[in-house]
Amino acid sequence: MEVAATGFNTARDYVYYEPATEEDNEACRKGKATPIASSKFYFGPGFRNSPWNEKILKLHARQAQTMRVNDPQRWGVPDVKENYIISILRTIVKNYQEDWRRHQRRPNETEEEFQARVEEYEEQRQDKTSKTSRKKSKRETRMATVVKMIKISLVKERKDGDRNVAINRAKVEAWEFLQELLKRLPTQAMSSEEVSDRALRVEGVLTIVKVHKILICPWRHEKIAKYMEWVDETGRRMKTNEQWLEEERAYDDDLDNTLHISGEVFKLLKLASKSFERDDDEAGGSDDGDDEEAQQTNGGGGDDDDDDDDEAQQTNGEAQPPNDQMEEDDIR
């Protein structure tokens, strides 16, 4: 939601913002001035307790509530109190003010010092943005790998039938657990990478190379790091594992066939099967094979639906960790 009617939506947009004056804020404090929703925020001394800003935030909170009530879907969020919305907006505006303040020249600061400080901050911000982008890409790659392995495991389970039931089911559940884990871990929970120069001697020649160092979030459980290693290694193996690629295609082919058959086709098949039954009865007999085939057709591929239901139940339920005794190869 746009916090101020300025067209600005991110802290970065507020670098060159022209805030309300201290006179506006003081007049509001004395009851001599009242802002409207489109008024500029006050970013000066006493910013955190500014009555001017609080009135603007209250107007935006009420505006948001009105917009949500007018939406048939209610924005897809539960009802909350006005103070809850104001607290969220207050945090957003605080971030805006901090970025604006970093780009303001300080007292007794020369122009050269000001430019150097801003450039240093921009470099740090760009570095942070790059790290976030790499983490996001890493999370998306891991999620894609897990989804593919769920497909492959389901195909293997279907292919084996009554053989290796416990092992195949354990593999499916293990990968579904990893899928739930990745859904719950935010982008910032992915390990970050830092690049530094290091001098290495290659064939007797001293060479400067780029070295990537992996930094694991200190609050993550050590098992999560192991799980992510499994996923990354599986993703690399998947590119050259012909059996996995074939099983993944088999899953997608089954899904395509299911999607391409519409409900109208099933109605026609049902009517046709009844017509065949009448003709067979009049002829004094019926072909058991045809009846069995018609029943299978009317079922619409029940086995595939059961697999999909199982997958949905696993995804919607609580994420349970795989067996601690399970080794890396057990889930592949």
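Every residue, even glycine, has its Cβ placed from backbone N, Cα and C.
Note that the coordinates shown come from a computational prediction; the quantities given were computed from them, not determined experimentally.
Here TrEMBL flags 101-141 (among others) as region 'Disordered'. Across the region 'Disordered' (101-141), DSSP helix (H, G, I), strand (E, B) and coil residues number 33 helix, 0 strand, 8 coil.
Among the features that TrEMBL reports, compositional bias 'Basic and acidic residues' is placed at 101-130. Under 8 Å from some Cβ of the compositional bias 'Basic and acidic residues' (101-130) lie the Cβ atoms of residues 15-16, 43, all in the same chain and six or more residues away from its ends.
For 277-332 (among others), the entry in TrEMBL reads region 'Disordered'.
Annotation source TrEMBL lists compositional bias 'Acidic residues' at 278-294 (among others).
Feature annotation from TrEMBL assigns compositional bias 'Acidic residues' to 302-312 (among others).
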